[in-house]
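Taken straight from Swiss-Prot:
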type: COMPBIAS; residues: 7-24; note: compositional bias 'Basic and acidic residues'
type: DISULFID; residues: Cys491-Cys521; note: disulfide bond
type: DISULFID; residues: Cys497-Cys517; note: disulfide bond
type: DISULFID; residues: Cys506-Cys538; note: disulfide bond
type: DOMAIN; residues: 485-540; note: domain 'Kazal-like'
type: CARBOHYD; residues: Asn214; note: N-linked glycosylation site
type: CARBOHYD; residues: Asn486; note: N-linked glycosylation site
type: CARBOHYD; residues: Asn535; note: N-linked glycosylation site
type: REGION; residues: 1-24; note: region 'Disordered'
type: TOPO_DOM; residues: 1-94; note: topological domain 'Cytoplasmic'
type: TOPO_DOM; residues: 119-130; note: topological domain 'Extracellular'
type: TOPO_DOM; residues: 152-159; note: topological domain 'Cytoplasmic'
type: TOPO_DOM; residues: 181-218; note: topological domain 'Extracellular'
type: TOPO_DOM; residues: 242-253; note: topological domain 'Cytoplasmic'
type: TOPO_DOM; residues: 278-301; note: topological domain 'Extracellular'
type: TOPO_DOM; residues: 325-374; note: topological domain 'Cytoplasmic'
type: TOPO_DOM; residues: 397-410; note: topological domain 'Extracellular'
type: TOPO_DOM; residues: 433-445; note: topological domain 'Cytoplasmic'
type: TOPO_DOM; residues: 467-565; note: topological domain 'Extracellular'
type: TOPO_DOM; residues: 590-604; note: topological domain 'Cytoplasmic'
type: TOPO_DOM; residues: 625-652; note: topological domain 'Extracellular'
type: TOPO_DOM; residues: 676-706; note: topological domain 'Cytoplasmic'
type: TRANSMEM; residues: 95-118; note: transmembrane segment
type: TRANSMEM; residues: 131-151; note: transmembrane segment
type: TRANSMEM; residues: 160-180; note: transmembrane segment
type: TRANSMEM; residues: 219-241; note: transmembrane segment
type: TRANSMEM; residues: 254-277; note: transmembrane segment
type: TRANSMEM; residues: 302-324; note: transmembrane segment
type: TRANSMEM; residues: 375-396; note: transmembrane segment
type: TRANSMEM; residues: 411-432; note: transmembrane segment
type: TRANSMEM; residues: 446-466; note: transmembrane segment
type: TRANSMEM; residues: 566-589; note: transmembrane segment
type: TRANSMEM; residues: 605-624; note: transmembrane segment
type: TRANSMEM; residues: 653-675; note: transmembrane segment
Amino acid sequence: MAHVRNKKSDDKKAMVVAKEDTNKSESEGVTKLQTYLKTIPIAKKKFAKLPKRKKSPTSAELLLIDPRYSASKEGPLGLGPIVLPFVQRFNNIDGFMTLYVAAVLIHGALFAVVDMTLNIYQVQFSLTRTEWYLMDFSDYIASFVVAIIIAHFGSKGNRTRWIAASCILMGLESMLFAFPFFTYEIIIPGRQSIELCMEENEKRNIICGNSVPNRSKCIYFHIAGQCIHGIAGMPIYILGITFIFDHIPTSSCGFYLAIGHSAYLIGYLLGMVGGLQNFQPPPKEKTVEIEPAKVYQLLQSGWWKTFLIIAAISFCVSFMMVCFPTSLPGAHKLRLAKRKEPPTIDRRLKDMKIQPHLKGFLHNIWHILKNPLMLTQAICKVSEYLTFNTSLYFLPHHLQTQFLITPGIASLLTGAFVLPGGIIGHFLGGLIVDRLEMTNKNKLKFTLVTTVVSVGLFLLIFFVECQTTTFAGINEDYDGYGQLGNLTADCNEYCDCTTSLYTSICGRDEKEYFSPCFAGCKATKVSQTEKTYYNCSCIKEGLAASDDEGQFIDAIAGTCDSDCLKLPLFFAFYFSATVFSNMCSIPVISIILQSVPANFTSLSLGVTYAIVKFVASVPAPLLFRLSSAIACIYWDNNRCGGKERCWIYNKNILVYEFMGIWMSSQLIIVLLNIYAIQIHDVVVHGEITESKTTVKDVKEQKERKA
């Protein structure tokens, strides 16, 4: 019995131990299961029929569940299932920046080459104002239309694929621009670059308006290409910038943004250098080998080859760009680290999220526009654009009137100083912000200081001036045989000269003439690397020097020497002013990105670029056109009866217009940044409300004591 009892007790103990082991294993299993369930995203917990939390999520939770910042979006570098291990070293922000800079360079270079082809169309087709406006500004109009739409929908998906699509569009538009130069006759061969006073001038063929073959087709192709160009730029400058901002620490954003923005101007400069090569005349050996009717193909071959090269590079960049994932490795961790940084956004936007429906979308745009920090910096971006384009538009005219430089050289000098000044300004501004790790308020102060310095340097250039030379037909009446404001006089009336060719010459009488034809010159040759002119009927005074063959020289190519040595000083001041005026660009962009929540960055940039492109497409062209009309003294009236361009300006009026528009744009930046500095703490922290309450409490305490 005792043995049986002991056996039963042992069995009972064994059952208890087994039960305890079973409970222990079950508890461990539950513990493991609970630990495993905690790693499942919230979206998948619904399928486990777990109770839903009725409490509304906080802004931090909204940020974590946003699929754009989810760690699950971080993937390898590859094309779908094709993932190569040895290329994963490029799956970082530096690898993306390499391709991004290439895309921006292509966009800038294409913009420069298109501007040059527009000048060809203007000369060859005698464009009307409406045609010229549509061909020049249709890209801005297209950008204005699609900027906010691309910012809204592009931020929800894979932004690198949007940029890859932009590269494909740039390739397609390059082919559109190349097609007219490959197919149609645009550049008419045999046109004189320097016109002399000859009887043949009366017999030349004059083709006007729609009588030019394939004129309308070329214009339509150009406008279509410009529209695609404007659309292609928005994903690059909106989604690309936000992608960079999301994958770098806030303290380092200035350096990366500076590289991206400087690349656009570098691309434009490279496009100018490459496009100028196409203006060089082909060798005589090649022109002799082909038929005269096909000479235009040789003249135009450089242009369509340039466009096709750009298209090939664009397609290559798009193929590599599409391999990047939605988020680079480490993006989610970086986003969590940014949450711990001091607040910089408008406190009213703290818990907002983008609504999917139209009403909510418009409501979000309205709230962004109500953000004073974002709105002031968006207007600063507009003013920065006006400042830069004022330089590009007015500086060549100022150099022509003030320093008597020919239009071609004035345009080259403008590009040689303004574009590098903009590049250096963009890069220095971003580098200084990056190295000093400025807060938003300090960035506002930095923008204010650099703008004030640029205004001071700009004022100095107007103390640099030269004496105006005598110009026949403009401020001199051909020794009494002509009228002021009329280039035609008795001495050149029979020459039938055209004002479409502005090739100024300096006569031995120390007077400047619009062209050899208006000086009545009948012969020319190159003497000691200098073009000289002979038998000029309008030049009757002055000492005549002889050339190597004993013939008396009446005039030489170029403007008359005014003994003005102040041009280097002028460019020193102007280059410095350009650098300082562009140093505010990167701080402005970074403030726009940091003054809104992370899920609003693309939309805020979209609103900013929509404002900039609208001003660039409507008010700015009207302003520049009106100011040009007011200051113009002599227009180019073509043989078809239309005004094409202004050749000569009133010096004083042009200076006042140049100074007024440039300084007004900079002063707007100064005033807006002073205002933004004053309200920064209020917008971010809400200190005015607290201070008002404190003052009220102090008054109540004084009244109680009284």
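Every residue gets a Cβ built from N, Cα and C, even glycine.
Features recorded in Swiss-Prot, as mapped to the structure shown.
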{"residue": "Asn214", "record": "N-linked glycosylation site", "DSSP (3 states)": "coil"}
{"residue": "Asn486", "record": "N-linked glycosylation site", "DSSP (3 states)": "coil"}
{"residue": "Cys491", "record": "disulfide bond", "DSSP (3 states)": "coil"}
{"residue": "Cys497", "record": "disulfide bond", "DSSP (3 states)": "coil"}
{"residue": "Cys506", "record": "disulfide bond", "DSSP (3 states)": "strand"}
{"residue": "Cys517", "record": "disulfide bond", "DSSP (3 states)": "coil"}
{"residue": "Asn535", "record": "N-linked glycosylation site", "DSSP (3 states)": "coil"}
- request: Specify the nearest of the recorded positions Asn214, Cys491, Cys497 to Asn535 (N-linked glycosylation site), where nearness means the distance between Cα atoms.
  value: Cys491
- prompt: Looking only at Cys506, Cys517, which of these disulfide-bonded residues has the biggest number of Cβ atoms within 10 Å around its Cβ?
  reply: Cys517
- request: Counting only CB pairs under 8 A, let me know which of 95-118, 254-277, 302-324, 375-396, 446-466 has the most with the transmembrane segment (411-432).
  value: 254-277
- prompt: Would you call the transmembrane segment (605-624) and the transmembrane segment (446-466) in contact, using three or more Cβ pairs under 8 Å, pairs 6 or more apart in sequence?
  reply: no
Message: I need the CA-to-CA distance for Cys538 (disulfide bond) versus Cys491 (disulfide bond), whole Å please.
response: 5
- line: The number of other Cβ atoms within 10 Å of the Cβ of Asn486 (N-linked glycosylation site), counted over all protein chains shown, is 12
Task: Going by Cα-Cα distance, pick out whichever of the recorded positions Asn486, Cys491, Cys506 is nearest to Cys517 (disulfide bond).
output: Cys491
Intrachain neighbours beyond the transmembrane segment (219-241), with Cβ under 8 angstroms and 6 or more residues off its ends: 100, 103-104, 107, 110-111, 114, 117-118, 121, 125, 127, 131, 134-136, 138-143, 146-147, 150-151, 154-155, 159, 162-163, 165-167, 169-170, 172-174, 176-177, 179-180, 257, 260, 589, 593, 602, 605-606, 609, 613
Query: Nearest to Asn214 (N-linked glycosylation site) by Cα, among Asn486, Cys497, Cys521 (recorded positions)?
result: Cys497
Message: What residues elsewhere in the chain lie close to the transmembrane segment (131-151), defined as a C-beta under 8 angstroms and at least 6 residues from its ends?
response: 111, 118, 121-122, 125, 162, 219, 222-223, 226-231, 233-235, 238-239, 365, 602-603, 605-607, 609-610, 613-614, 616-617, 621
Message: Within this structure, do the transmembrane segment (653-675) and the transmembrane segment (302-324) have 3 or more Cβ pairs under 8 angstroms, counting pairs 6 or more apart in sequence?
response: no
